[in-house]
Amino acid sequence: MAAGADVPCAVLALLVLGSLAAGGDATAGFIKSPLSQRRLTQDSVELHCEAVGSPIPEIQWWFEGNEPNETSAQLWDGAWQDRVQINATYNLHSTSTIYIANLTSDDSGTYECRASNDPDRNHLSKSPKVKWIRSQANVLVIERPVITGQYSSSADKVVLSCNISAPPTLIKGHKWMLGDKVLKTDESDASSYISYTIEGKVEDHSGVYECIYNTNPVAKGNVSIEVEPQVVAYKKSEHGNEGDVGVLTCKSPSYPPVDHWAWYKSGQTVPLESSAGIYNISRTGNKTELRILKLNIEQDMGDYSCNGTNMKGSGSATVNLRVRSRLAALWPFLGIVAEVLVLVTIIFIYEKRRKPDEVLDDDDGGSAPLKSNATNHKDKNVRQRNAN
């Protein structure tokens, strides 16, 4: 039915836009109407309306409660103790969205979107020539059901459970979520009692878990696992050069978030504080960072402790800081130079010792050809005698 209802709206929009292109006037008409909805108390609701016309029509929102003698009243941005917000735009056509927060049962009733482009639509004494067009949506606010959530834990397992009483409609499944992550989905279970098992220690799985029942409207409960901060160091050991900036980081993934962070140097009971030219400490939620602006090899080297505290207790971690002298970076280069010098010296000594041996070898090589020549002469004489 929604698709069929959109067809006349689309046709009307084309007719009005065609009239606008031709430069003529056109009475106001809806191209989107608000839809009826069901909500639970403490939830919020949003209704949307769009209209076309020439000139561009004005849109207003009106409300009439379910009480027998209640009359219709216009809604304004900021009404009902600032629970009502209305956003409207007037460009090629009119759009308006009304948002109502923290619903109560008194908010049930008929919400009406009105549109008109008659010049006299808001005149106090003159009646408009064209009546306001109207589109209505019913909002039913149902009392929120009671959902009891709890957990139990052992050495290696955590069991979450929820139980709903007086669901608004039949239950058609459920799911478990942690933040934006879906942990488990069951679309066939119609039970009011549901559970979810987590393998591991309770300290490693803190947070706010949601149990969501597939009813109309959707009913949500939560199970909160709260532990003391499980503080860990980003690196257990950090290195820095003298004169540079040293950065030590700690974090806690636990829930509730850390309320207070403190840094201590080994052997000191007074926490470090940010001071110009020495320390800069940042604390952002579950993360803290200690910056030592100019590392000193004598004063800054050692162990540092980061301590986090929340409503459940406190936790800490230790980071070891090692500071190197600026000359430390030259040692590898000096080592290479020393190796090259030793190698050159060895080659030089070897060459010096090898030269006398080469001279002796040259003398022996000069006498050898003489013996060879004498032998050749003897061979020639022997061949001559044989020839004779």
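Including glycine, each Cβ sits where the backbone N, Cα and C put it.
Residues or ranges marked as signal peptide in Swiss-Prot (evidence: sequence analysis): 1-21.
Residues annotated as topological domain 'Extracellular' in Swiss-Prot, with similarity to another entry given as evidence: 27-323. For the topological domain 'Extracellular' (27-323), the model's pLDDT averages out at 95.
Cβ contacts within 10 Å of Cys113 (disulfide bond), excluding its own Cβ and spanning all protein chains shown: 25. The disulfide bond feature in Swiss-Prot is assigned to Cys49-Cys113 (among others).
For the recorded site, Cys162 (disulfide bond), the DSSP three-state label reads strand. All protein chains shown were included, and the count of other CB atoms within 10 Å of the CB of Cys162 (disulfide bond) stands at 25. Taken from Swiss-Prot, the feature disulfide bond applies to Cys162-Cys211 (among others).
The number of other CB atoms found within 10 A of the CB of Cys306 (disulfide bond), across every protein chain shown, is 26. Taken from Swiss-Prot, the feature disulfide bond covers Cys250-Cys306 (among others).
Positions annotated as topological domain 'Cytoplasmic' by Swiss-Prot: 345-388.
The region 'Disordered' annotation in Swiss-Prot covers 358-388.
For Cys250 (disulfide bond), the nearest neighbour among the listed disulfide-bonded residues (Cys49, Cys113, Cys211), judged by C-alpha distance, is Cys211. Each residue contributes its Cα atom, and for Cys113 (disulfide bond) and Cys162 (disulfide bond) those atoms are 40 Å apart. Here the Cα atom of Cys306 (disulfide bond) is found 35 Å from that of Cys211 (disulfide bond). Sorting the disulfide-bonded residues Cys211, Cys250 by the number of other Cβ atoms within 10 Å puts Cys250 first.
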